[in-house]
Amino acid sequence: MSVDAQTVRRIAHLARIAVSEADVAPLQGELNAILAFVEQLGTVDVANVEPMTSVTPMAMKKRRDVVTDGGRAEEVVANAPETEDHFFLVPKVVE
Amino acid sequence: MTELNELTLAEARDGLKARTFSARELTQAHIAAVEKARALNAYLLETPDRALTMAEVSDAKIARGEARPLEGLPLGIKDLFCTHGVVTTAGSRILEGFEPHYESAVTHNLWRDGAVMLGKLNLDEFAMGSSNETSAYGDVISPWRRQENGTLSETPIVPGGSSGGSAAAVAAHLCLGATATDTGGSIRQPAAFTGTVGIKPTYGRCSRWGTVAFASSLDQAGPIARTVRDCAILLGSMAGPDARDTTCADLPVPDFEAAVSRGVKGLTIGIPKEYRVEGMLAEIQKLWDEGAKWLAAAGARIVEISLPHTRYALPAYYIVAPAEASSNLARYDGVRYGLRVPGRDIAGMYENTRAAGFGREVKRRIMIGTYVLSAGYYDAYYVRAQKIRTLIKRDFEQAYAAGVDAILTPATPSAAFGIGEKASADPVEMYLNDVFTVTVNMAGLPGIAVPAGLDAQGLPLGLQLIGRPFDEETLFATAQVIEEAAGRTALPRAWWA
């Protein structure tokens with residue numbers, strides 16, 4: 001399978017990455033090189049094979065549903081580009 | 001006399017214990033070496049004041065007879081590990097100036113055991129790369145250079161990646177050891193390129209908590225150091241259970257250092273025929289044969305084995321890793337931390353922020369990941385790749401069930417190349433660097449790269465050993481035999497100082 005220019009634009013939008021028109025063609029070439037490389041996987045017989053869901057056989061760790069940390073609002077927002085009263089500020093979403 | 005920064009980590013530890021020198025002196029020797037080596041661009045951030053403060057604490061501990069396992073030993077930290085109050089960038093513009101308010105589990109364990117932090121080490125952006133040429137903060141230059149007609153060539157050589165800063169710093173004596181991470185070969189390939197030792201432990205051996213995520217089912221932390229013993233000492237401190245990472249194994253950490261001198265007598269070492277790839281360089285084949293001979297001479301039994309799905313590991317990796325990366329890197333949206341670039345609305349802000357903050361390789365992988373996870377393609381790509389992963393793991397399980405204790409392969413298909421030499425329009429050419437290492441991540445196994453010789457141009461070459469799950473001890477014992485047989489690689493003349 002290969003992608004066309006329109007698909008490159010669609011993927012970029014899904015990935016929330018602005019791509020200039022000049023970058024579409026080179027990206028299309030690079031993505032198609034990778035897709036051509038992975039194409040060979042189509043020849044492998046995977047009938048009756050379970051997809052891997054856990055790298056090592058282990059039971060999922062669980063813990064009591066209790067508060068283990070918190071009260072760190074100052075630290076949580078410390079690296080944010082814009083904040084006010086411990087809230088993250090974003091451009092207006094609802095008109 | 002050997003300069004203090006040229007000691008091995010084990011020698012430095014013993015020297016501190018015997019009070020031959022102080023932690024402060026040892027740290028100062030490293031700080032001076034780091035300052036002189038800025039041409040290598042290995043350190044993104046030097047933290048000399050913090051290092052000296054930590055060294056003074058260590059000297060006090062030693063004086064009181066309370067030395068901890070890594071007391072006073074100066075280390076470099078790959079800038080993928082979050083360090084409390086010390087800027088952590090992951091080699092990306094999008095995290096420029098990011099100052100974590102917490103400490104990664106791995107580095108926390110190192111400081112708990114008394115180690116000293118010299119600074120943060122350069123890497124490929126978000127650990128995506130095989131040459132350290134994708135860092136937003138410039139390429140790392142290897143301390144190694146090619147020999148041409150008996151003189152050192154001026155051509156700058158890559159240190160490998162993504163832990164290129166870690167490998168270059170260790171090789172150039174800019175730290176006694178370094179932390180690194182390995183998603184597809186990012187510890188073992190740079191170790192092989194720089195004549196250093198690097199181990200990717202079993203998935204789950206080290207906690208991933210506080211390490212910037214790339215591909216969560218493949219990422220593992222491990223050390224790079226100058227000897228097998230030094231790696232064993234470091235991993236002993238880095239590893240261990242952690243309730244904050246649900247995939248971190250609840251297993252006690254064995255005495256890795258004790259395993260180093262165990263020998264290989266009676267062990268069965270597998271040579272996988274599928275690793276004898278088409279077009280393999282003659283000197284790589286020769287090195288591999290030599291490695292098998294060394295192990296046989298030390299009492300191991302060498303058997304040919306088959307791992308039939310080997311050739312599918314790299315393409316399957318280039319579905320699984322980008323898919324996980326596209327999901328993990330969704331968090332960089334200009335809201336909670338890092339860069340923000342305004343846009344016409346919130347989606348425009350996201351798009352502009354990510355366009356400006358991510359480099360070319362990272363964007364490429366996020367886009368591939370987004371595509372293979374998108375509606376209509378998920379089963380054809382992602383689910384199929386995860387099924388192939390099951391087959392790759394099964395190959396190894398069958399070899400181990402048949403009595404193989406460890407598997408010997410080359411670490412890389414070639415020695416290091418020059419900066420810019422693989423900058424072609426086809427990204428796959430660079431990806432092929434990881435052809436021998438990536439299978440190990442796909443199966444969650446431990447793997448170690450150990451120097452085994454030099455190529456015709458005087459650049460280091462490494463061999464890889466692959467172990468059973470949670471049997472790093474056998475890898476240390478086996479790698480030690482190779483290290484002793486090959487001799488430590490002659491480290492390069494300090495042309496940069």
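Cβ atoms are placed via backbone N, Cα and C, with glycine included.
Summarising the annotation, TrEMBL assigns domain 'Amidase' to B:25-475. The active site, charge relay system annotation in TrEMBL covers B:K78, B:S162. Taken from TrEMBL, the feature active site, acyl-ester intermediate applies to B:S186.
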Listed in sequence order, residues with CB under 8 A of B:S186 (active site, acyl-ester intermediate) and six or more positions away: B:D124, B:A127, B:S130, B:G161, B:S162, B:S163, B:A180
B:K78 (active site, charge relay system) - helix vs strand vs coil (DSSP): strand
Cβ neighbour count (within 10 Å, all chains shown) around B:S162 (active site, charge relay system): 35
B:K78 (active site, charge relay system) CB neighbourhood, other CB atoms within 10 A: 33
